[in-house]
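Visitor: Structure below; questions to follow.
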Amino acid sequence: ALALLCGSAAAVVVWKWLGKRKIQKKMEEARRTRDEGMKKMAKAVQQFREQVPSVQTDGILSLPLLELTGRLQEGSLSPKAVLYTYLEKALEVTQQTNCMRHFIPECEEQLQEIQRQKEKGLLYGIPVSIKDHIGHKGQLATCGLVQCLGAPVQEDSVLVKVLKRQGAIPFAMTNVPQSLFNYDCSNPIFGQTLNPFNHLKSPGGSSGGEGALIAGGGSILGIGSDIGGSIRLPSSFCGLCGLKPTAERLRALKGWTIVWCNHLLNVGICSHPTPVPCALGPMARDVDSLALCMKALLCQEMFQLDPTVPPITFNEEVYSSSAPLRVGYYDTDGYFPLPPCMRRAVQETREALQAAGHQLVPFSPPRIHYVMTELFLKTFFADGGRAWLDVFTGDIVDPSLKSQVNCCKIPRLGKKLLALILKPLQFLLLKLKNVAMISTCRSVKEMWNHHHQIAAYRTEFIARWRELRLDVVLCPVLGPAFTKGYPGKLLTAISSTMLYNVLNFPAGVVPVSTVTEADEEELKLYRGYCDDPWDQTLKQAVAGAVGLPVAVQCVALPWQEELCLRLMKEVETLSREK
């Protein structure tokens with residue numbers, strides 16, 4: 001009997017070892033394919049440099065997007081020179097930050113295709129980078145998961161088709177955190193992406209590869225996605241402008257794979273419309289670039305390819321208006337106090353807007369504790385996290401996600417006991433709910449009630465907005481850049497961005513300042529609300545950030561992306577003047 005038991009134990013060990021070895025081989029093959037692609041990219045760049053040695057790469061890289069498009073349209077710059085200049089710079093940036101998941105070799109075919117087009121699109125000759133999971137024909141959509149290393153995407157997503165029709169050249173797929181559910185940027189297959197300004201810091205996530213590549217100068221325009229801050233957090237950490245539109249304003253149906261959409265379908269929450277929808281949006285170095293990208297994408301081609309996208313073209317009149325705005329503002333949401341420099345950024349921006357003739361009105365978003373735990377997290381963990389855990393089957397869990405994964409593995413009874421023990425510590429319980437005690441939807445009735453609660457909260461929020469007759473809102477965003485590994489320890493710190501996913505409002509981020517020595521000194525006095533382990537962890541996460549970007553967040557009502565961008569442009573102009 002003992003021999004049989006030992007034999008069985010040995011068989012289990014061998015079976016587990018073989019499973020891990022199989023996973024390792026798949027990951028090694030994916031890395032090898034990526035590295036071969038990078039070598040081909042480097043070789044193509046070298047050949048171009050030999051053929052056209054006179055190209056002024058620094059001059060091309062220094063041009064803002066609007067100026068670059070003008071030069072391409074008039075013919076004083078060639079699309080080929082621009083593409084190979086950005087390919088060369090992207091290689092340099094990814095060697096430093098590990099931001100690219102794969103080079104898109106089809107970019108050379110697209111270069112030929114745009115020169116055959118009768119009309120030059122709004123993005124004619126512009127190299128564009130896209131996030132890992134946005135479908136491009138012939139490329140994988142991995143989400144940082146081994147199970148997604150199988151068949152390449154068979155057809156371009158709608159968004160990629162529209163980019164190409166407007167003359168853009170998608171040239172790189174960028175790295176993401178495993179499963180996309182993290183605002184760090186690390187996965188076991190392609191590794192950790194670094195912040196280009198400080199390699200000890202994270203670029204944010206989940207569009208972290210985009211953030212690092214654009215901030216490092218290796219891309220002039222990128223497309224990310226956002227379901228809790230995944231465009232806005234990398235923009236904040238990397239000093240970029242990023243826009244999360246109303247989710248239905250841009251779509252990418254065919255060929256677009258996102259693990260979380262599948263997860264929500266499995267849980268049974270993802271009826272149409274989804275309670276907290278994922279939005280696709282642009283990331284760039286200035287607000288005008290975001291506006292041009294939205295203008296290019298909101299075209300007849302988009303509306304024909306995806307009839308579910310409302311046929312609302314970009315309203316240039318709203319974006320270009322100079323009429324004074326009535327701006328609501330707050331520098332804390334009362335849930336997770338942000339570092340002093342982020343609150344300073346809102347206060348200074350408020351003063352600048354007021355001095356410029358805009359009307360500033362104090363605004364307080366209602367019940368953020370309730371929104372964070374009962375609305376946002378409950379959407380994703382309605383089943384207690386079981387479907388999310390399923391995506392890691394046959395995979396190695398990235399270290400940055402291990403604490404969240406382990407908490408989801410706690411049996412329901414264990415979670416209930418933990419909640420009971422901690423009940424006297426109400427505020428601590430609110431912070432802990434993110435990982436261990438999220439209430440689940442145990443029936444269809446509870447699921448529909450959850451949908452109703454989100455709709456009721458949106459109604460309440462809009463009513464408060466209307467009472468104050470606001471045009472837009474200025475508020476904080478999480479930052480400055482966290483030290484690598486810390487985002488996984490502080491999921492609830494994203495309340496500043498998460499709120500506008502629940503509401504499905506357009507929201508964008510603009511850099512306005514940098515961390516000063518005075519900010520760093522003030523951080524030493526930071527206590528949060530309770531000076532508890534979470535507050536201390538946030539303090540550790542953002543320490544050592546002198547010189548790193550500091551941003552603010554701008555928000556408008558649904559379908560008013562142009563008004564959101566208008567405020568962002570105003571903030572950008574005033575901060576640059578300062």
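Yeah, the Cβs are placed from backbone N, Cα and C, and that goes for glycine too.
Features from TrEMBL:
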ACT_SITE  Lys131  active site, charge relay system
ACT_SITE  Ser206  active site, charge relay system
ACT_SITE  Ser230  active site, acyl-ester intermediate
BINDING   Leu180, Ser206, Ile227, Gly228, Gly229, Ser230  substrate binding site
COILED    20-47  coiled coil
DOMAIN    82-565  domain 'Amidase'
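I'd like these features described in context: how deep, what's nearby, how far apart.
Guide: Note: Lys131 (active site, charge relay system) has non-local neighbours Met173, Thr174, Val176, Ser206, Ser207, Gly209, Glu210, Gly222, Ile223, Gly224, Ser225, i.e. same-chain residues 6+ apart with C-beta under 8 A of its own C-beta.
All protein chains included, Ser230 (active site, acyl-ester intermediate) registers 33 other Cβ atoms within 10 Å of its own Cβ.
Here the coiled coil (20-47) has long-range neighbours at 84, 87-88, 90-91, 94, 100-103, 105, 108, 140, 142, 146, 149, 188-190, 394-396, meaning same-chain residues at least 6 beyond its ends whose C-beta is under 8 angstroms from one of its own.
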Visitor: Around Gly229 (substrate binding site), how many other CB atoms lie within 10 A of its CB?
Guide: 31
Visitor: So which of the recorded positions is most packed in, judged by how many other Cβ atoms lie within 10 Å of its Cβ, out of Leu180, Ser206?
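Guide: Counting every other Cβ within 10 Å of each candidate, the maximum falls on Ser206.
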Visitor: Report the largest Cα to Cα distance, in Å and rounded to a whole number, among the residues Leu180, Ser206, Ile227, Gly228, Gly229, Ser230 that the record lists as binding substrate.
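Guide: Largest pairwise Cα separation, rounded: 11 Å.
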Visitor: Whose Cβ, among the binding-site residues Ile227, Gly228, has more other Cβ atoms within 10 Å than any of the rest?
Guide: Gly228
Visitor: Near the substrate site, what residues other than Leu180, Ser206, Ile227, Gly228, Gly229, Ser230 in the same chain have a C-beta no further than 8 Å from the centroid of the listed C-beta atoms?
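Guide: Close Cβ neighbours, site residues excluded: Phe181, Tyr183, Gly205, Ser207, Ser225, Asp226, Ile231, Leu233, Cys278.
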